[in-house]
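> Quick one: structure below, then a few questions.
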Amino acid sequence: MTWIDDPAFGPDRPFGPQTLPYGVLETDSGPAVCVRVGDHALPLRGLAPELGAELAGVVSGGSLDPLLAAGNTQWTALRARIAEVVTSDRRPDGAELLPVDEHRMLLGFTVADYVDFYSSRHHAENVGRMFRPDSEPLLPNWTHLPVGYHGRAGTVVVSGTDVVRPDGQSRPPGDEMPSFGPSKRLDIEAEVGFVCGGAPTSRVGTAEIADHVFGVALVNDWSARDIQPWEYQPLGPHLAKSFATSIAGWITPLAAFVDARVEPPKPDHALQDYLVEKEPWGLDLHLEVRCNGTPVSRPEFRYMSWSPAQQLAHMTVNGATVRPGDLFASGTVSGPDQDQYGSLLELTWAGKEPLVLDGGEQRTFLEDGDTVTVVGHAPGPDGSVVGLGAVTGTIVAAEPR
Ligand SMILES: O=C(O)/C=C/C(=O)CC(=O)CC(=O)O
Ligand SMILES: [Ca+2]
Ligand SMILES: [Mg+2]
């Protein structure tokens, strides 16, 4: 029997003791680093006697930054200690439990650099067919390295933040001159993000991911599909994707995913040594995308061709360092089936096949007022489920000009 009186906190529930994600909540006495237990958040600042001075020191404030910097030894020790505290029958003096739906979550860490990959073969082929109908859908580099681009760290926002429809240039097919205005093809990209920590290091081996990835969080990489095809050649995505990227407030430690590890699909040729995995780091994550409450897609992460360990190895192989607060995202998670696509671009085939939402409304791209939520879960130990915190956002009208 645990002292935590919450039916949603059990080994058979997604936010049971096998999960224990971290996040920062706004509380009456300021932002607080918390661990999620069922439908409650447990601020760690009240647990100094239980955690000991050293561990308490990294989680007693209002940001995850000190914890990200502390490194894997401390992450492991803290998680083990918290698991003991939350499964004990003794309520620690000073422990508070805050209902998660009554408190706002904050962006829990300072996003350092943000890299977005492109690791779903299905997504890459679908986008290739739509954006480059006269070329091979997959460029020859794609099976040899995890293609990615550098995003804009400063516009990563926490789940629940409204997303303002971006303005930009586009050139609709057949037009000679570009026009300017609010995007008419605002889209989502359901992705999985990896939050980095530990000592700044370059040339991270695929076997060293656990020393440099602190945790996993769902991401929605909002994308303007009319701005994108006009601006992206030859350097890649820019303003079509830099106005907002939403990340879930709850970051689940990488250690919670040991039972979710699977072999990623293999290319039919040898890889460079630095991309070879001795132990597979593909992940069996199940995602669901909801538009105004209607499930519109169920992407499966196990189809991703490049694992986060390979992505991190690639990101640092040239000598670039990974440092605490760096965020890299998987790329849109699309599976082979039409109901597994991670973007509206694919789900509606460039707007030609509208989705029908509950209540009969149709959607191609997003309208003002639409809310998109991505949820997910993974297999946990002993048949349990590891819940991933939701990432949600609502579109608001473009800024008046
Ligand atoms: O193929 C392209 O030109 C671009 C495709 C994307 O929109 C990809 C992107 O942001 C990476 C991803 O999410 O997979
Ligand atoms: Ca993306
Ligand atoms: Mg983005």
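Keep in mind that glycine also has a Cβ here, set from the backbone N, Cα and C atoms.
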> Of the residues Asp65, Asp221, Asp226, only one is listed by TrEMBL in the Ca(2+) site with Asp116, Glu189, Glu191. Which is it?
Asp221
> Taking every protein chain shown into account, which of the binding-site residues Tyr118, Tyr232 has the largest tally of Cβ atoms within 10 Å of its Cβ?
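The residue with the densest Cβ neighbourhood is Tyr118.
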> Return the residue, from the listed recorded positions His123, Lys241, with the maximum count of other C-beta atoms within 10 angstroms of its C-beta.
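Of His123, Lys241, the one with the most crowded Cβ is His123.
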> For the recorded Mg(2+) site formed by Asp221, Lys241, Thr245, name the remaining residues of the chain with Cβ within 8 Å of the site's Cβ center, in chain order.
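Checked against the 8 Å cutoff, the neighbours are Asp116, Gly151, Glu189, Glu191, Val219, Asn220, Trp222, Ser223, Pro237, Ser242, Ala244, Ala329.
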> Which binding-site residues of Tyr118, Arg132, Glu189, Thr245 contact ligand 1 in the sense of C-beta under 6 Å?
Tyr118, Glu189
